[in-house]
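Enquirer: Have a look at the structure that comes next, please.
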Amino acid sequence: MEAVLQTKGLLSLPSNPKTRVFNSQNGLKHRLNIQKNRALGGFSLSVDGFQKFQGFVSKTNGFYKKGRNLQISCSAAAASADGSAFLDDVDNPKFLGVEITTLKKIVPLGLMFFCILFNYTILRDTKDVLVVTAKGSSAEIIPFLKTWVNLPMAIGFMLLYTKLSNVLSKQALFYTVMMPFIAFFGAFGFVLYPLSNVFHPTALADKLLAALGPSFLGPVAILRIWSFCLFYVMAELWGSVVVSVLFWGFANQITTVDEAKKFYPLFGLGANIALIFSGRTVKYFSNLRKNLGPGVDGWAVSLKGMMSIVVLMGLTICFIYWWVNTFVPLPARSSKKKEKPKMGTMESLKFLVSSRYIRDLATLVVAYGISINLVEVTWKSKLKAQFPSPNEYSAFMGDFSTATGVATFSMMLLSQWIFEKYGWGVAAKITPTVLLVTGVGFFSLILFGGPLAPLIGQLGLTPLLAAVYVGALQNIFSKSAKYSLFDPCKEMAYIPLDEDTKVKGKAAIDVVCNPLGKSGGALIQQFMILTFGSLANSTPYLGGILLVIVLAWLAAAKSLDTQFTALRREEELEKEMEERANVKIPVVSQDGTNLSVGVGNGSLAGGISSSGGDVSNSSSEASNPRNI
């Protein structure tokens, strides 16, 4: 099949006017038909040897001449090849302004995301209850658990995941990762926890603690309650693996860029709705103990109920995944792969040191990770002192999760107004300011609880309960500010950078700063606990470290705001200069006629005669050969 491109204009002169001017095929009507077909994205196809398409070619001229080029749209040719009708102008069915094919992807993804985060909230609240309230353990176990158990298992899982991804298909890989999570959480609620007294080496842990001293309560507790620690790690991996790797990998696989821009922000709002509902669920099962008879382990009953919901939600996630892969067509992807920049640890450190802008941005990321860790672990130690029962602790965490979801949802709705009203700088400083104010209040209640007891007592609170409530407010507002303001500010800060700095800066922060921020607070706490004997003895020093880190955070945010604003102004100035280069300047002739002269493109929009300002439109028309 020979394809010939038509390049003639609508009214272009024929190459042989004497012989073709009276030919009906060269008339205006015929050329209009050609232009109409060209607007449909068509190209010329020779009819020679192409009899299959004759029924779909316009027969305006009443005959087919050998070698004659006819206009046929690309999609029409493809459709006619298998005998189907034209479908170019048929719109996809829509519901509420959204195509049905898009809804078949977005609605299941939203349900899947809801189930994943519903489970994550239940698991996050339960893991803290297990390791903090267990006999022979305390909140001091958390820094050691995150550093020496959680981090190695996360690295090991990612290595295993990488090997499996080279062997298994995407669907098989999804089920291979999901099913062990579902099986473990079900087995823990019905087997491991009820038999924990049989599995846990309590006697060996007592001997080690007596030999090493009370400073090693945290490390020894990892051995003492190893099955609870395994649950803690699996719950942490659920957040990083199932949410980040499985869900977002699947979402990016089945959605287009336009769909992602429109619907991904809604997933964030849906996540906080899941947080509210799951918090209420934790609260409900934690209060079951009140209706149980004496001698019944209320926490074991609550745990069975919550793990049953986790298993049910996990199976629902697998079903939704199967349904989408079975009934929803996947978008076509380009087979060309883009190379991702890879930076080693030393290269990342060198790049961080070389750029002030990236250094300030890195300071924000590291400071948040350390600050939230310093306060959170200390707060959980006070929370255990106030609520030593697992059911009471869990019920409080249910209320905490619900309040966090409501606060984050509200802050997300307000964040756009904050950005528009006050700009990037104020939005970037809100999170450290909230952490500073609430952190000072929290540590003040711990350090000066005795002298403040009469004043606090007038509010009907004890210093310990007041510290628990202030610590909860600190965590709620700092996390909601982080999700709604800090994360958007961090991503926006990359926008005005040049492409090389943007790519290398993000890679450097991902390699160095994210792990440093997450483990930095835990390492500081481990050093303080081993040095001063307990978390309570190191509280004054932790408060001082928090103050220094938050002040450095605010200074970095102020410096980054200045640089960010300067880069934005420079970018806007460049755009303005480009617009001025292409703008048309009005010119007034002697007879008062307004003309436009294009600047920067070397052409005149209107012609001016040299005889005294008489305007001749013919010069403008003559400059375009298609107008002849």
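Easy rule for this one: first residue shown is 1, then count along the chain.
Keep in mind that glycine also has a Cβ here, set from the backbone N, Cα and C atoms.
Dumping what TrEMBL says about this protein:
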REGION    606-628  region 'Disordered'
TRANSMEM  106-123  transmembrane segment
TRANSMEM  143-161  transmembrane segment
TRANSMEM  173-196  transmembrane segment
TRANSMEM  233-251  transmembrane segment
TRANSMEM  263-282  transmembrane segment
TRANSMEM  303-324  transmembrane segment
TRANSMEM  361-379  transmembrane segment
TRANSMEM  400-418  transmembrane segment
TRANSMEM  430-448  transmembrane segment
TRANSMEM  455-477  transmembrane segment
TRANSMEM  541-560  transmembrane segment
Enquirer: Using a Cβ cut-off of under 8 Å, list the residues of the same chain at least 6 residues beyond the transmembrane segment (303-324) that approach it.
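Expert: That would be 104-105, 108-109, 111-112, 115-116, 118-119, 122-123, 126, 171, 174-175, 178-179, 181-182, 185-186, 188-190, 193, 242, 250, 254, 281-282, 285, 288.
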Enquirer: Any contact between the transmembrane segment (455-477) and the transmembrane segment (361-379)? By contact I mean 3+ C-beta pairs closer than 8 Å, pairs at least 6 apart along the chain.
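Expert: Yes, the transmembrane segment (455-477) contacts the transmembrane segment (361-379).
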Enquirer: Same chain only, please: residues at least 6 beyond the ends of the transmembrane segment (361-379) with a C-beta under 8 Å from a C-beta of the stretch. Say none if there are none.
Expert: 139-140, 142-143, 352, 428, 431-432, 435, 438-439, 442-443, 446, 467-468, 471-472, 474-475, 478-479, 482, 486, 489-490, 493-494, 505, 508-509, 512-514, 516-518, 520-522, 524-525, 535, 539, 542, 545-546, 549-550, 552-553, 556-557, 560
Enquirer: Going along the chain, which residues at least six beyond the ends of the transmembrane segment (263-282) come within the CB cut-off of under 8 Å?
Expert: 106, 109-110, 113-115, 117-122, 125-126, 251, 255, 306, 309, 394-395, 397-406, 408-409, 412, 483
Enquirer: Counting only residues 6 or more past its boundaries, what in the same chain has a CB within less than 8 Å of a CB in the transmembrane segment (106-123)?
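Expert: For the transmembrane segment (106-123), the sequence-distant neighbours (Cβ-Cβ under 8 Å, at least 6 residues beyond its ends) are 98, 185, 234-235, 238-239, 242-243, 247, 250-251, 254-255, 259, 263, 266-267, 270-271, 273-275, 277-279, 281-282, 306, 309-310, 313-314, 316-317, 320-321, 323-324, 328, 401.
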Enquirer: Cβ under 8 Å to the transmembrane segment (430-448), counting only same-chain residues 6 or more beyond its ends: which ones?
Expert: 367-368, 371-372, 375, 378-379, 382, 418, 456, 463, 466-467, 470-471, 473-474, 477-478, 481-482, 485-486, 539-540, 542-543, 546-547, 550-551, 553-554, 557
Enquirer: Any residues 6+ beyond the ends of the transmembrane segment (400-418) with a Cβ under 8 Å from its own?
Expert: 121, 124-125, 268-269, 272-276, 278-280, 282-283, 426-427, 430, 472, 475-477, 479-481, 483-485, 488
